[in-house]
C-alpha cells in the first residue's frame, strides 16, 4: 500500500495532464473530421470517433498496467521485447495484409494492428539498454556498429513492408546518440547531406560544383592556408585539366567539361592532401576531404533519386520543392491541406463548421491530415496552442530525462522525446507543405488504435521509469 | 557521465526552432495570405444556374406556335472529376467510350474550372436513371434546359430557331455561357432578350463528391430566374399554313401584310422545312443536310432575302410618280405598236389595243406606255437634265421603302437596290447618260432589286393610298408590353393620296376588267380585289411569276405579294395563289367555284418537273 502511494506521488502528473489534454483534443478533432448529421451519438462505434473512444479507453488500461509493472522489468526485458518485435515485423511480411500498397498490418477479424508502431518503443528500449552497457564507447567502431544494427534491422524490415515513412522515424535516434556523446560533426554532416540533397535537385551540377568549391576555399583560407598555396593548387589543377583536355583531343575522345574538371580535381587533391599532411594543416585536409565527399555525394544523389526512390516518392519530393506542380494530381493532398488550414484564419471557423474537412476535400483527414481540422476549425490560435502543447510535452520529457539517475532511463527518455518530435515535425510539416508527404501519424491526435497505444506505451514506460528516477538500473 | 548534459540545449533548440518555423508558416497561411480562403470557397460552393422558361410564341389569334419541353444536359467540370467507371457511365448514357473520352478532352481544353457540356439533351427516362447514380461520378452534374417544341410544322423561317451560343457570342455578351441557347434567326433572334428572360442562380454547399450539402447561407445570395415573356405574333397561322400548302413543290415566297397596321399576316418561303428539325441532338446533322446537300436551299428565306427585279409590278410606281410630277394625267394616252420604238431602239410589247390611257395601261400592262411615262419624267425640262430628273424619280421611289432595309423586326432583311446617278455615271462612263440608257427601269427591269417584303410593303402603301407602317411580326408581349413604337408610326410617301385612285382603278381592272386583263385568276366573287401581274426576266430558265394584290378595294384588310420562281407569267401562278390567299383570309374558306383552281395550284410541281 505504501508502495502504491509512493508511485502515485512520484509520478509526473504534469506530463499525464498534457497527455490527457492532447488525447482529448485529438478526439474532438476526429469527431469534427468525420462528423455528419446522420450519426451524432459520440458512442456510435460504427463511426471513427466512437471507435477512437474505445481505443482511448484501452490506452488508459494499458497505461495503468505499465505503471503497475516494476521499472526493473523494462531494462531487464529490453532485448527480449526487441527480439519479439523483430519477429512480429518479420511475420507481418509473411502473414500481413496489404493496405494501400503496404504490407504492415495484422488482421484478427475486425481488429487490425500495425507492429511497426510497437517496434518504436521496443527499439527505444533496446538502444537504451545497449548504450548504457559498461563496455559501450560511443566512438568505438564495434559500439557504433552494434547500435547501428539495433536501429537498422527494424528500419529495414519496415522498409520491406513498404512503409518508408515509419522507417524514417528511426533516423531520429541520431539525436539520442548525440546526447550520449556522438560527435556533433555527425549531426552537422547529416544536416549538410540533407541540404545538399535538396540543392542537387533544385540546381544545376555546375552551380553545385561552384558552391562546394567556394565554400571549401573559404573554409581552407580560414583554417590557415596561404594564398601562395591556393595559387599553386589552381596551377596544378589547370595543368591537369589541360593535360586531360589535350589527351582527349589526341585520342579523339569527347570528354565532357564536367569530366575534365572532376578528374583533374581528383588528381589535384591527392598531392594536396599529402602536402597539407606534411605541413600539419590537418583542418585543411579535413576540409578537402569533406568537400570532395560532398561533391561525390551530390553527384550520386541524382542516381539515388532516380534509381533507389520509387516514383510516388520522387513526385512527392518534386512537389515539395516546387519542381513539379500538379495540384489536382500528386500535389492534391497538400494543396487541399493548405487550403483547409489557410481558410481557418485567425480564430477558425468554429467547431464542426469547417467546410473543407466536413465536406471531405482534405484526404485522410482523421489520420495523417488531422492537423487540417485543427487549423480550419480553430484557426491560428488553435493550431498554435496544439503545437505549443506538444512542444511543452516534448520539452518536459527532455527535462525529465535529464533528472534521471539511471542512464538507461535518460536515454530512453530522450528516445521518447525525439520520436514524438519527429512525428510532430514530419506530420505537421507535411500538412503545411514544408515536408514531403510521409504518412506518419500526429502523436495522440491521429485516429487509430495502434498509433495511440504505441505512443501511450512509449510515454508511460518512461513515466514508470521516471517514478523510480532515484534508483540506478542496470 | 553527465559530461554531455549541455547538449539538451542544442536538442531543445532544434525542437523549438522547428515549432517556431511552423508557427510562422501558420501565420502566413492563415492570416497573411488571403488566397486560401477564396480557394476554400471555390472548393465548397457550387453555383447552379437556374434557367428561366423561354417565352412562348402565339399567332395573332392566340394559337400556340412554340412552347418548351424539358431536356437535361449532362455537364462536366474537369477540375472536379475523379477516377470513375467510364464504362458504367457510357452504359448509363448509351454512348461510346471513345466519344466520352473525346468529350472530356474537349471540356478540359475549354476550361478546367468552368462547366462544359458532356452530353446534350438527355431524355427524361435516361435522366431518371442517371440521377440515381450521379454521386458515383464526381465532377458531373445535370443542367436542366428547355428545348423548343412546335405544335404545327409551319412558319419555320418566321419563327427562327435556337442554337448553342458560339465563342464570339459569349464574348460579346457575358450573359451567355457555354451550352446556352440563343435565337439564331426569325422572331427567336429579334426578340431574344424578351423571350429568354433572365437566368437565376442558386448557391449550394457541396462536398468533395460534388454532392449538395445544403443551401449556401440559407439562400441569401440566390437569385431566382425571371421567365421570358410570351410573344403574340402578327402571323395568322391558318393563312400561313394555307400559303405553304399552295406553294408546295414550288420555289418562291409570299408576304401578306395588313395595310392599316403593317402587321405581317403570313410570310412564306418555299420550300419550307420543319422547325422540329432544328431541335435536339439531330440539329447539327439536319443543319448540315439543309445547308450543304439541298440544292433548293430551304434555309434561304426567300420572302426577305431573295432579290428580284420587280418586273411590271413596278409600273404602278412609275404611274404614281408620273402623276405626282404631272408629266401625265389619268387621261394621258400613249400609242403602242407591239412596242416602244425610238430610232433603232425598241422595247417590245404584246399586241393590244392602242392608244391606251393610264387605267388601261395598267390593266393590259403596256410596256410602251411606261417607257413614255418614265422618259417624260427624266426629260422633264423643269429639272434641267436627265440626271436631275432621275434624282427626283429616285427620291419618290425611296419613299416607298425601296433601296433600304425597311427596319422590320426580322433579321436578315436586305437593302435591295435602286441605282443612283453615280452608279450610271460609272456604268456608262459619262456624266450625261440619256433616258434611253436606263429605260428598262420603266418596266421594273434593269438594275432594280427588290425583296418580296419591300414589294408587299409597296402594295400595302398603295392600299393605304400613300402611307405605310414598317412591316412587323410581333404584336405585343404576354405581359401587355407593346413592341417598339417605330412600328406604330405612319410613314408617308412623297405621292399625294389623290393620285392613287386612278392607279387603284387600273389595278381593279387587272382583276375584273374583262378581255385582256392579266390577273383574272385572282378574282373572288363578291370581293373587289385590286392587283397587278409581273414577270421577272430570268436569264437562267423560265421567267419568275410575280403578282401583287390587295383587297377589299375600300378599307383593305390584306396586301399580298406572291413570287413563284420559274412560274413564267404573273398570271399563271402568282395571280391564282394570291386570289386564293386573299379569299382564305377574308372568308376563311374557298368558294366552290374556285376549288378546281385551288387543287391545280396545290398540285402544280415546278421543282421536280424540271429535273425529269
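Along the chain as shown, residues are numbered 1 onward.
Positions of Cβ are set from backbone N, Cα and C atoms, glycine also.
According to TrEMBL, the feature transmembrane segment maps to A:13-32, A:53-71, A:77-96, A:144-173, A:185-218, A:230-251, A:257-277, A:284-305, A:378-399, A:411-438, A:444-465.
When Cβ-Cβ distances below 8 Å are used as the criterion, the transmembrane segment (A:144-173) is approached by residues 82, 85-86, 89-90, 92-93, 96, 101-104, 116-117, 119-120, 122-123, 126-127, 130-131, 136, 138, 313, 415, 418-419, 421-423, 426, 438-440 of the same chain, each at least six residues removed from its ends. Among the listed stretches A:77-96, A:230-251, A:257-277, A:444-465, the one sharing the most Cβ pairs under 8 Å with the transmembrane segment (A:13-32) is A:444-465.
Packing against the transmembrane segment (A:257-277) from elsewhere in the chain are residues 205-206, 209, 225, 229, 233, 236-237, 240-241, 243-245, 248, 284-285, 288-289, 292, 295, 299: each is 6 or more residues past its ends and has a CB under 8 Å from a CB in it. Here the transmembrane segment (A:378-399) lies next to the transmembrane segment (A:411-438) in space: the count of CB pairs under 8 Å, restricted to residues six or more apart, reaches at least 3. Below 8 angstroms of C-beta separation, residues 174-175, 178, 230, 258, 261, 287-288, 290-291, 294-295, 297-299, 301-302, 305, 317-318, 321, 323 of the same chain, each at least six residues beyond the ends of the transmembrane segment (A:185-218), sit close to that stretch. Here the transmembrane segment (A:53-71) does not lie next to the transmembrane segment (A:411-438) in space: the count of CB pairs under 8 Å, restricted to residues six or more apart, is fewer than 3.
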